[in-house]
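Record features, source Swiss-Prot:
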ACT_SITE  Cys56  active site, nucleophile
BINDING   Thr55, Cys56, Asn57, Arg58, Ser113, Glu118, Ala119, Gln120, Gln124  substrate binding site
BINDING   Gly193, Ala194, Gly195, Glu196, Met197, Ile198  NADP(+) binding site
SITE      His103  site 'Important for activity'
Amino acid sequence: MAVWALGINHTTAPLDLRGRFAFAIDQIAPTLQGLRQSLGGATRHPQVETAILSTCNRTEIYCAGQQPALDHTLDWLAHSGGVSPSLLRSHSYTLEESLVARHAFRVASGLDSMVLGEAQILGQMKDAVRAAETAGALGTTLNQLFQRSFAVAKEVRTSTEIGAHSISMAAAAVRLAGQLFEDLTEIRILFVGAGEMIELAATHFAAKNPKSLAIANRTLERGEKLASRFGGEVMRLADLPDRLHEFDAVVSCTASSLPIIGLGAVERALKKRRHRPMFMVDLAVPRDIEPEVKALEDIYLYTVDDLASVVQTAQASRQAAVAQAEAIIDAGVQSFMHWMDQRSPVGGVVPLIQQIHAQADEWRALEIARAKKLIARGEDMDAVLEALSRGLTQKMLHGTLAELRAGDADTRAQTAQTVSRLFLRSQSRSGL
């Protein structure tokens, strides 16, 4: 079994390119079905395992199959994003075998994140695994890879201080707002969306006791739940253009495939505000706010990539924790590759074990069938059991005893040592 992966992230691709490959969680299942069909045709093995991890900072595809198909996987992803394979290749990374495990373990542990040590990525990876399971795209190999990723991430977090003093994207947004506004208790803030990222951002801003807080969302029910938690109001997304001018700060993160706050709406809001400054944070990928907005005077717009310098300020002091985490990951990679080697059809013990079990089950079925016939004829039960046990013993020992008599003296001596070790283990341990 081969494993391979490819992806783009905040270090290899700009925001707008990453936006072309962002998959909402409800898109994962049909997307995986299309990917598996495509890979099945390319590799002639329809049971290819696949999973997609898609966040604001990365989109990654993990695969397992009889033979790697990196080029075909890249071509498929390029087509899905509407770009040329050459463009995607120049902004992506491809991995095979142990490098896949190392990368997955580093991602789950927060070592590959924009925010070093952040814990949110682990939950996002678990969501990706659940989506793959629901789609029927996950098999033994990828399931093992991800379960080991979760175990390694847990050990990294409990054994190191990788997450200590980690500055989240939401906390970074609060810091930037504090640089623009003298007193955050005097600002009116609007959150667009009601997902996990907005919930985190609202938690950080609410701790500063702003003058007012509002949630704009497509569905009022979800928005009301979040607004009530922070003592804010809720509004429909459709009302956003008419009310945008009321807010000093706007934080947006939705799953929309197109911008929901356009240049014209912001220009009108600024005019109504008499050009008092507005602080805007776009945490969405693809963008929620048109990029042209950033060029407007009195607008301070930040994207997830703009926040990178803020969230990385505390990372240098955690390099010792990184070294400890990498050691844990090294051990995890070795363990996973050992598991893979055992399952290899060439030199792996798992296929041999499966064959031995299958042969033993065949012999058992034959002897049970023979015993049932004897019982049906009225044979003595003790005699039937004796015949059953002898039949099984003879079948299981026949090949071994034949090997002991085959070959020259040296071959027979080596075979005898092996057979003794396998069949007389209790005697050899006791010194008999």
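Using N, Cα and C of the backbone, Cβ positions are placed for all residues, glycine too.
Fewest other C-beta atoms within 10 angstroms, among the binding-site residues Ala119, Ala194, are seen around Ala119.
If you take the Cα of Gly195 (NADP(+) binding site) and the Cα of Gln124 (substrate binding site), they are about 12 angstrom apart, rounded to a whole number. Cα of Ser113 (substrate binding site) to Cα of Ile198 (NADP(+) binding site): a span of 19 Å.
The binding-site residues under consideration are Thr55, Asn57, Ser113, Gln124. Their Cβ neighbour counts within 10 Å are lowest for Gln124. Each of the binding-site residues Gly193, Gly195 was scored by the other Cβ atoms within 10 Å of its Cβ; the lowest score goes to Gly195.
The two recorded residues Thr55 (substrate binding site) and Met197 (NADP(+) binding site) have their Cα atoms spaced 11 Å from each other. Within 10 Å of the C-beta of His103 (site 'Important for activity') there are 21 other C-beta atoms, taking all protein chains into account.
According to DSSP, Glu196 (NADP(+) binding site) is assigned to a helical segment. Other Cβ atoms within 10 Å of the Cβ of Ile198 (NADP(+) binding site), summed over all protein chains shown, number 24. In this structure the C-alpha atoms belonging to Asn57 (substrate binding site) and Gly193 (NADP(+) binding site) are separated by 18 Å. In the structure as shown, the Cβ atom of Glu196 (NADP(+) binding site) sits within 10 Å of 13 other Cβ atoms. Between Met197 (NADP(+) binding site) and Cys56 (active site, nucleophile), the C-alpha separation comes to 10 Å.
If you take the Cα of Cys56 (active site, nucleophile) and the Cα of Gly193 (NADP(+) binding site), they are about 14 angstrom apart, rounded to a whole number.
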